[in-house]
Amino acid sequence: MPTKLEGLLDRESLQDVSLKPTTWKPTRGLIRWSLDVMRPEFLTIRSSKTKKALRTTAWLDGLRGFSAFLVYIHHNGLWAHGGMGNLIFENSFGYEGRHYFSALPFVRIFFSGGHFAVAMFFVISGYALSVKSLSLLQSGKATTAADTIGSALFRRWLRLYIPIIAVTFTWVCFRHSTKIWMDFRKREDTFHEEVKKWYYAFKNSSFIFTGSVYEFSLKYHPHLWSIPLEFKGSIIIYTVLSALSRCTNSTRMWCEAGLVFYFLYIVDGYYGAMFMAGMLLCDLDLAAQKDQLPRFFTALSGFKEFIFFHMFVLALYLGGVPGYDGAAVDRAVLIAKSPGWFWLSYLKPQAVFDAKWFYLFWAAILAVASIPRLPWLKRFFETRCCQYLGRISFSLYLVHGLVIWSVCDRLYAAVGMHRPEHAEGIPQWIDIFPLPKKGPMGLTLAFWIPQIIILPLTLYLSEILTKLVDEPSVKFTNWLQQRAVAQTPSQPQPLHMQSSSPVL
């Protein structure tokens, strides 16, 4: 008789199972699986009488998802408005006499919050990657923590890069099979040549210790520039956890704070500072749960909500740091000349090459520190919508650019938001259905009406990628790690196999 398997992570002995029609229905199972994959989940996001219990860090998932949505809005806005979008959205209100509603402090986060979102990705990753190990270390279980760290490091590269391989290779195949015009890097003459160059670029960039983080991303997916930094930051976290595993809790926290200072003020390692800041916040949160915070923090407990509310407001202001990406632009000079940023420009340390990341570091750490301590704000990120976005956040980050270059570009041209390149590449799409472009920049009907098509399509494709690639890659890496590690009969199975979503 056939054997019964409980799934990809099956570890039990094989069982015989009857092939009666009531139990063996492979066709029906395949159809049901296909329907589950193809059914859009975003259409069923609503409250129900039976709510699942949320994890204590569910707000982190929601924050990650909302940050991915900010990246989506940012990139769509920049693409639809062309060079003018970069000039307005990425500069401060009043810069060179330009006054736009979308450039106002706090408001600008919604239109140009993509950089702020990436900074929060890095802080969230530092927090999420270290929470299990730090919990064990604070409980004095250094040996178990070492197993946890080794398991996480074993899986991390595959966890990040399997979806990237799938997405970029599919993108290469799509471009060569359809041959449709895109305002993107020119295709190679043959599919074979394209695949060869794709492989060369990927293998070089996947080795993060040499080369440029942009070598692969500029050619095949510009939004992937952050992934090598995500992996570098992950290695920093795992290395520090291992190095400090035998230290006392207070010593470990001081070392974490010292590394944050080192990465931010001594060397140009802003992403390392963000990861380490996330780890430090996690360490402090775990200590707070056990009432083991230093007296300095407990002395201010009566003013907690007042302090963290103003920290969050400051985070939103700093998150709107000007980031105009023009030719030969020195962002330190740009920030100094921007209204509302002159005095803040003096805070940038010499070590930071790209000035905006210094302010985004503080914006991200203040936001992540504040949200769990403001109940009304924490509840927002625990809503079904944010939790849904958190589940598909990595896929949304990977997919939204492909939709922009292939579909959105044509829709924007059709409603009247066309660029000179469209006249050469897709003249038949220009002004098919022109819509009004009057009103505050970023809030026009010509931009938002196409979102009725673009947003559901992007969310749907993100769901498909999550179900077919992202979640299976998590299961595969867990399975591979389980098969690779020798288990002794007396050794219980570790409870750290569930991986957090990476980004990005």
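Positions of Cβ are set from backbone N, Cα and C atoms, glycine also.
No curator has checked TrEMBL annotations; they are predicted automatically.
What TrEMBL lists as domain 'Acyltransferase 3' is 58-460.
TrEMBL lists 106-129 (among others) with the feature transmembrane segment. Long-range neighbours of the transmembrane segment (106-129) within the same chain, counting only residues 6 or more positions beyond its ends whose Cβ lies under 8 Å from a Cβ of the stretch, are 57, 60, 63-64, 67-68, 70-71, 73-75, 77, 89-90, 92-93, 152, 226, 229-230, 233-234, 237-238, 271, 274-279, 281-282, 316-317, 319-321, 323, 356-357, 360-361, 363-365, 367-368, 442, 500, 502-504.
Within its own chain, the transmembrane segment (160-177) has Cβ neighbours under 8 Å at 187, 191, 194-195, 198, 202, 206, 216, 220-221, 224, 227, 230-231, 234, 394-395, 398-399, 402, 406, 465, 469-470, 473, 476-477, 502, counting only residues six or more beyond its boundaries. Look at TrEMBL and you will find 160-177 (among others) tagged as transmembrane segment.
The transmembrane segment annotation in TrEMBL covers 259-284 (among others).
The transmembrane segment annotation in TrEMBL covers 296-318 (among others).
Residues 41-42, 45, 60-69, 71-72, 75-76, 79, 163-164, 167, 171, 174, 180, 182-184, 221-224, 453-454, 457-459, 461-463, 465-466, 469-470, 501-504 of the same chain lie 6 or more positions beyond the ends of the transmembrane segment (388-407) yet place their CB under 8 Å from a CB of it. The transmembrane segment annotation in TrEMBL covers 388-407 (among others).
Sequence annotations record features per position, and here TrEMBL assigns transmembrane segment to 441-461 (among others).
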